[in-house]
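These notes concern the structure reproduced below.
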Amino acid sequence: QLSEDVERVSENPAEDGEGEMEVHEDSSSVILPDGELGTTTPSLRFSKTCLKNVFSVILLFIYLLLMAVAVFLVYQTISDFREKLKHPVMSVTYKEVSLYDAPGIAFYPGKARLLSCKHHYYDHIPPLINPGQPGDIECTTQRINYTDPFTNQTMKYALVVQGPRDVKKRELVFLQFHLNETDQDFSAIDYLLFSSFQEFLSSPEKAKFMKDCESSYSSWKFSGGFRTWVKMSLVKTKEEDGSETVEFKQETSVVNYIDQRTKPRSDQLFFVVFEWKDPFIQTVQDIITANPWNMIALLCGIFLALFKAADFAKLSVKWMIKIRRRHRKRTRQVTNHIS
């Protein structure tokens, strides 16, 4: 029986058993190799070993592929983070208020004269009783002279008026100007808006304050012979250094004024209305969408997957080497028994 087993093993040297073949010769008995050597056919044992080897090689390639994908994700994540740092996105938020800080409205009337200025509510402007004639000036005004900030030679005259505050009551400021004569084919009055009339009043150097405002803010015009309706909205911009700049956006609508005075006139009348468009202050700032903590968490997960994949690949290679060594050892034992 022992010789038959030895001949069977010598014909199939690549078989894979769970234990190692042990042959003990005694005077009374012979111990056969344990495991499946005596019960399983050689072709079946050989096919199982091949399947295990093929399966381990396939798993190894799969995990190598996963490692390559993980490395690519690490590179892509770092590249995206650096790109987002270079190109922040603009964030716009809206804050609702019931009262605005009264803006300052600086007019440059030239030869024109302010006839009347009143605050009205709920968009109700009563009809003019004596258009072209001096009326009530109920607005807080300041007159100031300063040098032009761009030429430093020309003197400029500005009439600064306090703007509307109460946005819920739809407060507006209605002004009327009169120009007796002009040497141009058209007539218009320049104006600019700045954020705080109170800041202008409390400024110790009002001339310098107006020069800075003219250098920072845009100026607009409204024409004679029309009623110009200006609806303002406030935009605050936060810079990268933490400073905040304020500017105005405005929507302007113009309505023709029908002069119903009895005698034909050669003078020009100007009508302008200022009110807030809505109770929302728009805040604009640049934000970086790349979150370093999210990137760190993602990189930790990717590196953990890399280490797990490398560990599995190492174990797979060790397992294949161990099977190969066991196979060689078994072959060597069979050869020794034959010899």
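Counting starts with 1 at the first residue shown.
A Cβ is built for glycine as well, from the same backbone N, Cα and C atoms used for every other residue.
Remember, TrEMBL labels are computer predictions, not curated facts.
The model shown is predicted, which means the values in this text are computed figures rather than measured ones.
Under the heading compositional bias 'Basic and acidic residues', TrEMBL lists 1-10.
Positions annotated as region 'Disordered' by TrEMBL: 1-28.
Sequence-remote contacts of a segment are chain residues at least 6 beyond its ends whose Cβ falls under 8 Å from one of its Cβ atoms, and for the transmembrane segment (54-75) they are 298-299, 302-303, 305-306, 309-310, 312-313, 316-317, 319-320. The feature transmembrane segment is assigned by TrEMBL to 54-75 (among others).
Below 8 angstroms of C-beta separation, residues 56, 59-60, 63-64, 66-67, 70-71, 73-74, 77-78, 81 of the same chain, each at least six residues beyond the ends of the transmembrane segment (293-317), sit close to that stretch. The transmembrane segment annotation in TrEMBL covers 293-317 (among others).
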